[in-house]
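Comments concern the structure below.
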Amino acid sequence: MTKDVVIEHGESSKAPLVPAPVAAGVGRAVSIADVFLRFLSIVATIASAISMGTTNETLPFFTQFIQFEAKYSDLPSFTFFVAANAVVCTYLVLSIPLSIVHIIRPRARYSRLILVFFDAVMLALLTAGASAAAAIVYLAHKGNVRANWFAICQQFDSFCERISGSLIGSFAAMVLLIVLIFLSAFALARRH
């Protein structure tokens, strides 16, 4: 079964038609993958936010009365990291129903366009939060001799392990959001 298709500048070619059930099946598969990746992103962002938000460590200094404490809320970059992950996680939870609509109606175009836009905004927010936290984590591990900032990870090893681990979940969520944007763009491109 073939049909004349206009390619460019009035040229025509014989191209096979893709049966409608196959096209709908591919769209439905993309939508199912979209929902699955959103759930994975929710897990990654909430794990990162909880891991960073519950991080603190106290070390005694000479006596029990004098102690040094390291907690995430002492550093604005870590607070921003927790807030960014929480906002992205909330967005992902709220976007699940719209993604489920795409399973039922794979041809829904405008709602997919809305998801692409907000996915890109959330990717930017998550990247900003993770980048800000990564800079501080690097300073915690390596320090900066020129600025007289010493590495604290030799003393606060549990604190540093937790903040480093929370970055892994956030960067994984960034990769998943990039894949989500590409999937949505693929689904939109197939309709034209």
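Backbone N, Cα and C atoms are what each Cβ position is placed from, and that goes for glycine too.
Per Swiss-Prot, the features are as follows:
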CARBOHYD  N56  N-linked glycosylation site
TOPO_DOM  1-29  topological domain 'Cytoplasmic'
TOPO_DOM  51-79  topological domain 'Extracellular'
TOPO_DOM  101-112  topological domain 'Cytoplasmic'
TOPO_DOM  134-166  topological domain 'Extracellular'
TOPO_DOM  188-192  topological domain 'Cytoplasmic'
TRANSMEM  30-50  transmembrane segment
TRANSMEM  80-100  transmembrane segment
TRANSMEM  113-133  transmembrane segment
TRANSMEM  167-187  transmembrane segment
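Secondary structure of the topological domain 'Extracellular' (134-166) per DSSP (helix as H, G, I; strand as E, B; remaining residues coil): 19 helix, 2 strand, 12 coil.
Here the topological domain 'Cytoplasmic' (101-112) is broken down by DSSP into helix, strand and coil counts: 7 helix, 0 strand, 5 coil. Mapped onto three states, the DSSP output places N56 (N-linked glycosylation site) in strand. Sequence-distant contacts of the topological domain 'Extracellular' (134-166) (same chain, six or more residues past either end, CB-CB distance under 8 Å): 47-49, 51-52, 54-57, 59, 68, 70-72, 75, 77-78, 81.
Using a Cβ-Cβ cut-off under 8 Å and counting only residues 6 or more beyond its ends in the same chain, the topological domain 'Cytoplasmic' (101-112) has close neighbours at 24, 27-28, 30-32, 34-35, 184, 187-188, 191. For N56 (N-linked glycosylation site), the same-chain residues that are 6 or more apart in sequence and have a Cβ closer than 8 Å to its Cβ are E69, A70, K71, Y72, F159.
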